[in-house]
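Per TrEMBL, the features are as follows:
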TRANSMEM  A:42-60  transmembrane segment
TRANSMEM  A:67-91  transmembrane segment
TRANSMEM  A:97-115  transmembrane segment
TRANSMEM  A:122-142  transmembrane segment
TRANSMEM  A:148-168  transmembrane segment
TRANSMEM  A:195-218  transmembrane segment
TRANSMEM  A:247-267  transmembrane segment
TRANSMEM  A:279-297  transmembrane segment
TRANSMEM  A:303-323  transmembrane segment
TRANSMEM  A:330-348  transmembrane segment
Amino acid sequence: MSTPQSYEAAAASSPDQVAEFDQGHQSFIQRLQHALHVTPSLVPLIVLILSVVIFGLLLGSKFFSPFALTLILQQVGIVGIVACAQSLVILTAGIDLSVGAIMVLSSVVMGQFTFRYGLPPAIGVTCGLICGTACGFVNGWLVARMKLPPFIVTLGMWQIVLAGNFLYSANETIRSQDIAAEAPLLQFFGEKFKIGGAVFTYGVIFMVLLVVFLAYVLRHTAWGRHVYAVGDDKDAAELSGVNTDKVLISVYMLSGLICAFAGWALIGRIGSVSPTSGQLANIESITAVVIGGISLFGGRGSVLGTFFGALIVGVFTLGLRLLGADAQWTYLLIGALIIAAVAVDQWIRKVSV
Amino acid sequence: MTQPILKARNLVKRYGRVTALDHCDFELMPGEILAVIGDNGAGKSTLIKALSGAVIPDEGTVELDGKPIRFQSPIDAREAGIETVYQTLAMSPALSIADNMFMGRELRKPGWRGQILRQLDRARMEAMAREKLNELGLMTIQNINQAVETLSGGQRQGVAVARAAAFGSKVIILDEPTAALGVKESRRVLELIQDVRSRGIPIILISHNMPHVFEVADRIHVHRLGKRLCVIDPKQHEMSDAVAYMTGAKDPDPALNAA
């Protein structure tokens, strides 16, 4: 036997079962690390439960009541919806700085179309939703087709949309009483109903349904897998047969549409249509996404994490306010949480299973 | 005379002032294994990308089954039945093996859950992925739901080859398919290549591994300085000839250029 390939014959009788190994003893920390790696949204969930428990112990029934807990849900409603949009974009390794501006412009379009042009409220709302989707389309088209960095595109769109919002609305607020009298549909998401001591708004219900819907779509449909693939490695996704431009444009359009819904919910929350509201929505949504464990480099994380991230911010805000602490403590703690969240993200990623 | 299944004429591709393809011709006959060899930087990968839609050539024509084609993207080529394993492997590291194998052609559940909810049929995709990996002898992969980033380089390559073999219907292009594989897995890939040919599907194999090339190839396309230098028959040439041609140490017999 002296043929050049004879060494390969030795491999012929190798076993053909799938390899199995003794997993060995794993410490609790290792198993935790593994579990977190497999289910990234566990981290914010644990933090959320811990913070609810801690504030509950400190404040007792003042905090740990159906009323206070559902108040948190109402307070994070808008940010939660916008953060869902932000999650989608960040999963594709992008960022959307224009979410807040799109939200406000959409709410202004809903209000002005109804009141300035006298359209039926349903048409006004539809126009607002179309407006948000169209802004998202511009973002997506510039990112996908023109290959511009998402940060730059949405930074520009933030200014453009916000300026357009002030120019179009002439900085004019539509008063809450007028809306309630003439177009209550605009305040639909602000309507409350009670179950025992718990108070829910339709906006809160919408947020929860949106999270469930997006979690399903991202996990169980081809489009959802493509969103992750694009965020993970865009070139690889393209080569392995994903129409990456279409995925990106659809993500930004869906983000715009969700922001428009957030704009509708915003009218319900504050009662009036104000072009100056919601200025912090983009930063707050990015905060929720990061605390929720979605990687800013794309392709990793889940929208459930974002939901928990938004709730964590809500719990801290209300808890500290009830404790009578200076509001700056909230910002300080949230800043620390952001850094901790990214540190945990890096730690989990070290496990390779 | 049989017609080539895939034929390219006069392909030119320039990147700025760098010419990667210089009026290059290419022919792949039905049912054959064609090896493409050449020095580093000879333009092999660009040629392959021009055929698989990843690069749009500046000039020249490509014909598949005698019909002119102009791929705008790899998706077009895949729809036409050309499946490619790239050197970079083109996989999404954070997604699972099954997700990667079915990327862009996911199976949906039968009935309303697939049609209305557009739900993926995970179980069926996982079973098929497992089966394809077993065919390749990739028994060291323990969990089909493992993220690709947790696989070794060789395992990743195995998954990419399995993906191409599972879905290629007209032409399969393999760019360095055994570069990172172990002895046993390389052997399986070579067997798989022959197995795919016996199903009647032609293969383009790019490789630096001369023993492998000479073992499986029916013809060898020698690429040099952005064009086809000659096509040789491995049964009538020595490995040293092929190496001499591709490095420019020796000029081929002019009669070979006509091939």
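Backbone N, Cα and C atoms are what each Cβ position is placed from, and that goes for glycine too.
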Cβ pairs under 8 Å between the transmembrane segment (A:122-142) and the transmembrane segment (A:67-91), at least three: no
Feature contact check the transmembrane segment (A:148-168) with the transmembrane segment (A:303-323), CB under 8 Å, 3 or more pairs: no
Segment proximity, the transmembrane segment (A:247-267) to the transmembrane segment (A:67-91), 3 or more C-beta pairs under 8 Å: yes
Recorded stretch, among A:195-218, A:247-267, A:330-348, maximising Cβ pairs under 8 Å relative to the transmembrane segment (A:279-297): A:330-348
Cβ contacts under 8 Å made by the transmembrane segment (A:330-348) with residues that lie 6+ beyond its boundaries: 33, 36-37, 40, 43-44, 47, 287, 290-293, 295, 309, 312-313, 316-317, 320-321
Contact set, same chain, for the transmembrane segment (A:247-267): CB under 8 Å, 6 or more residues outside the stretch: 77-78, 81-82, 84-86, 88-89, 91-92, 94, 96, 99-100, 102-108, 110-111, 125, 128-137, 139-141, 143-145, 179, 186-190, 203, 206-207, 210, 223, 226-227, 230, 237, 273, 277-278, 281
